[in-house]
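According to Swiss-Prot, the features are:
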| type | residues | note |
| --- | --- | --- |
| ACT_SITE | LYS122 | active site, N6-AMP-lysine intermediate |
| BINDING | ASP32, LYS33, GLU34, TYR35, ASP36, SER80, LEU81, ARG144, GLU178, LYS314 | NAD(+) binding site |
| BINDING | CYS407, CYS410, CYS423, CYS429 | Zn(2+) binding site |
| DOMAIN | 587-664 | domain 'BRCT' |
Amino acid sequence: MDNKLEKMKKLVEELNQYAYEYYVLDNPSISDKEYDLKYDELVILEKETQVTLPYSPTQRVGDKILGEFSKYTHKGRLWSLDKAQNMEQLIEWHNRNLKVIEQYNSMSEDKLPELRYIVTKKFDGLTVNCTYDENGILIKSATRGTGIIGEDITAQIKTIKTVPLKIKNNHVIEVHGEAIMTKTAFEEYNKAAQVPLKNLRNGAAGALRNLDIKETARRNLSAFFYDVGYNEGPEFKSYREMMNFIRNMGLPQDKYIKECTNMEEVEKEIEYIESIREELDYDIDGAVIVVDDIKTREILGYTIKFPKWAIAYKFEAKEITTKLLDVEWNVGRSGRVTPTALLEPVELGGVTVKRATLNNMDDIKRKNVKLGAKVLVRRSNDVIPEIMGVVEESLEESKEIQAPDRCPYCNSHLVQNGVHYYCENTLSCKPQMVKSIVHFASREAMNIAGFSGKTAEQLFERLDIKSISDLYKIRKEELLTLDKFGDKKSQNLIDAIENSKNCDLASFIYALGIPNVGKKTANDLVMKFKTLESIKNTTIEQLVEVPDVGEIVAKSIYDFFEDEKIISNIEELLNLGVKPYYEEERIDENPFMGKTIVVTGSLNNYSRGEIKDKLQSLGAKVSSSVSKNTDYVLVGEKPGSKYEKAIELGVKVINEEEFSNKIK
């Protein structure tokens, strides 16, 4: 029995260390298979001995559903933070601190040091308090609650794999952190969720307030820790020392921690945090600025609600509520009919928002969105805002959104395929034909210079262009009948159409508008199969062998080339003189061949598209995110969080000059 217990202790220590390496350091030292074997061995030993250590990894997810939440009194108070909405308010706070310190130093021989601040991100999640006992074992986790009394969420916190169940510490401490849901976890959860989550914060809060622990685990939460609220061990002299302690205990901690000695430096860091906000895989809603020196904190003291030595700088909201006035149905080039929400105008992120995305009727029903109701709107980057959910209290006088049964443009009957509605009138439905022609003529496709959406509309309405192949039948005399088409413009378009006949195969494949096939996938298909005939006759099994092509994309490609009408149109294009060609490019040996490269920041000699093309021409794979599998990160001016991630993981970083020298 003793041998088995010793073996269990060893396995638990090993598995917890492996989990720390995998989830926190992102640097695993063993394979998943080896981990699983050790985990299974531990499960067997626990069954045999009927003993389970409180910090065993098997205790992270239980089968039971809890009856209710119990209260927990925090050993140390969890304070709220005062807020600054602009730099003027932040400078006022700084000046108050200076005044108190000057007064103290004028009256005391034990002088306080010059003010130094620590700037960190303000995470938009749920504040949690984790208590570790004198043996380093996690014995309690709780919500902030009133700051004095919270709710016990120990079982829920144990589902967060980055939170250690045991730390190497021999005195009681309480550690404060923020439980968050990453964008990656949010998207994965919503793919299979019957009721999709509205936003990341609700996802995290709902998980920790759920009595079904398995549901909490399904949310796949993360956490960052940033404060020791109660400590029976040696006192800290500075916040930097406290943060080092938190990190050394193996608690997950954000890498961004900046020291500042004046407000100019603080402002610069705030601007930087805001600039990388959208690149992060989690939500932040501001920056936190705290006094570093602990004794100075004691002198500054507290108000009834806030510590005077800390403040939060709040960024502009990315979400807001407004009224849904109506729904507009639009037709894409594939014939898919999609809804767009028409909103009561509202300011969000410095922009007046009047429209928002509603993906499909299934999305509308799951989110319970109704006409006249108040909806939660989110805007990320510069993309069209999306409706994330509805304010339940506003539903009383709202009306159901009705799915259309006819095309809003050509009045044809719609057919339902999965969650989407389609107009099958491909020949005379204006939006479909116009968008298909514009896509076919675009720069990355057939590159027909001087072609525009307005030109496509005139070709459809005035020259009766009903298919892509009809483009190659247009005569100059016909173009002269169109608005704003003189002799020169007409001849230029005729020449551009003629010149497009000699095109590379990847551009032709992309121009065809195969569902789910972008330019990269088109390039990958050509690299794999070499000829149009081979691509047309390939199987789903062969298609999934192409990099980044899964079963859904493979089926889209296969079904596309099974359509007799499409094959007929392709044959007509070839008969009209379109000659797609493929020349296997010989790539000379170079340092980037076969390497995975991430680009961040602005480059002097390349646009983002140009550097991507250049790297691919060198045989490199261009990735959008940094991981331990990244070979190089090419850094330009004002790099984002990808640069920090590269430094953290030890990935080779090169600038534009070094890149140019390597390819000479």
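Each Cβ is built from the backbone N, Cα and C atoms, and glycine gets one as well.
Positions of the features from Swiss-Prot, shown on the structure.
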| residue | record | contacts (Cβ under 8 Å, 6+ apart) |
| --- | --- | --- |
| ASP32 | NAD(+) binding site | none |
| GLU34 | NAD(+) binding site | none |
| ASP36 | NAD(+) binding site | none |
| LEU81 | NAD(+) binding site | VAL288, PHE306, PRO307, ALA310, ILE311, ALA312 |
| LYS122 | active site, N6-AMP-lysine intermediate | ILE284, ASP285, GLY286, ALA287, VAL288, ALA312, TYR313, LYS314 |
| GLU178 | NAD(+) binding site | PHE123, GLY125, LEU126, THR127, VAL128, ALA223, PHE224, TYR226 |
| CYS407 | Zn(2+) binding site | VAL331, VAL337, HIS413, LEU414, CYS423, ASN425, CYS429 |
| CYS410 | Zn(2+) binding site | CYS423, ASN425, SER428, CYS429, LYS430 |
(message) By a 10 A CB contact count over all chains shown, which of the binding-site residues listed here is most packed: CYS423, CYS429?
(response) CYS423
(request) Determine, from DSSP, whether LYS122 (active site, N6-AMP-lysine intermediate) sits in helix, strand or coil. (result) strand
(message) For CYS410 (Zn(2+) binding site), which of the three DSSP-derived states applies: helix, strand, or coil?
(response) coil
(message) I want the residues beyond CYS407, CYS410, CYS423, CYS429 whose C-beta is within 8 angstroms of the mean position of the Zn(2+) site's C-beta atoms, in chain order.
(response) VAL331, GLY335, PRO408, TYR409, ASN411, SER412, GLU424, ASN425, SER428, LYS430, PRO431, GLN432
(request) Report the mean pLDDT of the predicted model across the domain 'BRCT' (587-664), rounded to a whole number. (result) 84
(request) Just report the maximum Cα pair distance in Å for the recorded NAD(+) binders ASP32, LYS33, GLU34, TYR35, ASP36, SER80, LEU81, ARG144, GLU178, LYS314, no decimals. (result) 45
